[in-house]
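Next up is a structure, given as structure tokens.
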Amino acid sequence: MTTHSWRVWAIYMVLAPNLSEEQVLKQACPSCDATQLCNCSSMGLDFIPPGLTGKITTLNLSHNRIKHIRSQDLQQAVNLRALLLQSNKISSIDKDSFRSLGKLELLDLSNNSLAHLSPEWFEHLFSLQHLHLQGNSYRDLGESSPFSSLRNLSSLHLGNPWFSTIGQGNFEGIELLDKLWIDGGRLSQYRPGSLKSIKKINHMIISIKSISVFSAIVRDLLYTVTWLEVRETAFSILSEMQLLRVMSSSFAKKISFKQTLLTDATVPEIISILEDMPKLVEVEMIDCRLSGTGQWQMQIQANQSQTLRVLTIEKLSIEKFYLFTDLHAVLGLLSLLTKVKVENTKVFLVPCSVSQYLLSLEYLDLSANLLGDQSLEHSACQGGWPSLQTLNLSQNSLSDLEMTGKSLSHLRNLILLDISQNNFGEIPDVCEWPKNLKYLNLSSTQIPKLTTCIPPMLEVLDVSANNLKEFGLQLPFLKELYLAKNHLKTLPGAAPIPNLVAMSVSRNKLNGFSREEFEGVQVGAVHLSLMECHRSLMVSLLCALVVLVMLVLVAIGYKYHAVWYLRMTWAWLQAKRKPKRAPLKDICYDAFVSYSEHDSDWVENIMVRELEQACPPFRLCLHKRDFVPGKWIVDNIIDSIEKSHKTLFVLSEHFVQSEWCKYELDFSHFRLFDENNDAAILVLLEPIQSKAIPKRFCKLRRIMNTKTYLEWPLEEEQQEMFWFNLKIALKS
């Protein structure tokens with residue numbers, strides 16, 4: 001055991017007989033103090049700490065040294081919603097360890113030492129939605145399904161470096177999953193049909209090296225998976241590509257390749273398969289590697305996809321990227337694409353022929369690449385990108401703003417252009433731009449001074465993080481202006497930007513502003529007030545005054561019981577809307593019992609048993625048992641009193657201190673005593689001075705001084721008479 005675990009164990013053995021469960025738990029895990037979240041992560045624990053109660057909904061025991069979970073460890077944690085046990089050394093779990101966790105929704109057992117999975121662990125987890133089992137040492141899932149009782153399971157993550165076998169029936173009981181993640185780097189045996197019991201999977205993540213196993217799994221999930229994500233798989237052997245032909249019948253709408261290997265030999269086959277998929281809309285390649293230069297060894301032969309619209313390529317590694325220029329083989333596949341993102345892939349040129357084939361393209365992101373001024377001119381050639389509306393060229397190698405604008409000027413539909421994080425420096429006075437351009441991002445481009453090169457039709461301009469010392473452009477249509485992180489000493493004038501709605505000027509060197517900076521028909525006539533000239537000081541004073549007034553009001557309200565009177569007014573208004581007496585047919589109880597929680601033992605175990613087992617039995621209304629769940633508690637109190645012949649108050653020192661007993665007294669104050677009836681029965685459980693009752697309950701104090709009440713006798717021989725008198729009072 002670690003030093004901390006020895007200390008926890010010693011404290012528990014010595015102090016447990018004298019401490020409550022919460023105190024024992026706090027000694028082991030201080031963060032569990034009176035909260036529903038119990039974070040015991042990274043505390044060097046060798047066992048699950050004792051003292052867990054039903055108050056805890058989230059228990060984090062990750063990154064400890066727990067080896068075994070016993071049946072009694074979690075027995076009292078009946079309200080747990082999330083149990084995090086990842087990154088321990090758990091090798092064994094008693095079969096009843098999770099028996100009491102019927103409300104558990106998340107269970108994380110990943111990165112432990114479980115050599116097998118038992119269905120008995122999960123058979124009582126009826127509410128479980130998320131189960132993480134990856135990173136253990138099991139080689140298979142057993143002879144049957146460990147998940148057969150998990151009818152509400154939404155996501156399942158399993159697998160490890162030793163996971164080698166999926167057998168028939170291993171997934172029986174699961175019909176619908178939002179996410180299924182299988183880490184099967186060494187998965188070599190898959191029984192066909194094993195995954196067919198699952199009717200729908202929204203997102204399937206699969207990491208498998210064996211192409212034959214991958215093909216068998218895909219065959220079982222042709223009509224099941226909406227988004228298929230393939231990870232850490234090498235598509236490098238041409239002879240294996242025939243096994244992937246089954247994918248062409250898949251109904252998946254999105255295919256993702258992450259950390260996969262492709263070659264010039266296999267790319268044409270894969271593209272052909274993807275083009276034949278009947279419902280494919282999006283293809284994504286992230287952090288993949290292409291071994292080759294685009295010199296396809298065979299012509300791509302596939303019918304053009306009528307559904308593919310989105311292509312995303314991020315961090316594609318091509319060792320000889322400078323030789324990768326010929327894309328004529330894929331030209332016929334491009335015309336229907338509407339969104340293309342090729343980010344951080346060392347793109348230095350888009351061939352003109354490729355641009356001209358992108359007839360439907362509306363969104364193009366070429367950020368974090370190597371495009372220069374000359375290559376952009378060639379990429380955005382005449383007839384290229386005719387439908388383009390959004391273009392992102394940020395983080396490239398552009399340096400000539402005039403040339404950039406001219407290269408793109410023929411894009412008549414271009415609305416948004418992001419050329420931030422390039423290195424333009426000085427800019428000329430005259431530039432040519434697309435005529436419908438509305439949004440221009442020139443942030444972080446080393447511009448020292450803005451000129452009339454900026455297009456006048458803009459509605460949004462971002463020139464933040466430059467070296468600007470002033471802003472004096474005439475932009476009549478501008479609505480948003482971003483000038484943060486520059487060197488401005490004065491604000492822009494209002495007259496040149498009359499339609500401005502929003503402006504950001506943070507992190508500049510503004511010293512102040514003058515009336516001349518706001519010259520114009522409307523702004524010029526405004527005289528700056530004291531508030532505008534000394535805004536910080538005035539706001540501080542105003543806040544201080546508001547706080548002072550609130551403190552005074554709180555003090556007055558506390559002294560004169562303002563909150564109580566507001567509550568009473570609300571109860572009175574509710575009572576006035578209802579008839580003074582409930583119809584006899586609505587009377588459900590002989591008495592509504594009002595008592596403090598501290599007196600519940602006497603009420604529930606002595607009084608209720610005596611009265612409800614009498615002959616004939618009395619019908620009592622108790623808040624714990626008879627209040628309507630989900631209904632406002634004040635409404636429950638009012639309705640219960642109105643549906644009872646009597647209201648029985650069990651008075652004690654605890655009673656007059658109880659907040660909810662006050663509510664019941666509040667309503668009785670208006671409803672019972674003001675009607676001058678005898679519906680109230682007072683039972684004095686212990687000696688209590690009338691002065692202990694709050695002074696605002698003046699009528700109750702008067703009744704205690706004038707009306708006979710029943711006192712609970714401690715002597716057993718007198719208790720029989722007490723019960724007799726109480727039953728007579730209830731029957732009257």
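In case you wondered, yes, glycine gets a Cβ from its N, Cα and C as well.
In TrEMBL, annotation is done automatically, which means it is predicted and not curated.
Per TrEMBL, the feature signal peptide maps to 1-21. Feature annotation from TrEMBL assigns disulfide bond to CYS32-CYS38, CYS352-CYS381, CYS431-CYS453. Look at TrEMBL and you will find 537-558 tagged as transmembrane segment. TrEMBL lists 587-730 with the feature domain 'TIR'.
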Out of CYS32, CYS38, CYS431, CYS453, point to the one nearest CYS381 (disulfide bond) in space (Cα versus Cα); all of them are disulfide-bonded residues in the record.
CYS431
Among CYS38, CYS352, CYS431, the disulfide-bonded residues in question, whose Cβ has the most other Cβ atoms within 10 Å in this structure?
CYS38
Are there disulfide-bonded residues among CYS352, CYS431, CYS453 that sit within 10 Å of CYS38 (disulfide bond), Cα to Cα? If so, list them; otherwise say none.
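Within 10 Å of CYS38 (disulfide bond): none of them.
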In whole Å, note down how far the CA of CYS453 (disulfide bond) lies from the CA of CYS32 (disulfide bond).
62
Do you know which of the disulfide-bonded residues CYS32, CYS381, CYS453 has the most other C-beta atoms within 10 angstroms of its C-beta?
CYS32
What's the CA-CA gap between CYS352 (disulfide bond) and CYS453 (disulfide bond) in angstrom, rounded?
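So the alpha carbons of CYS352 (disulfide bond) and CYS453 (disulfide bond) sit roughly 27 Å from each other.
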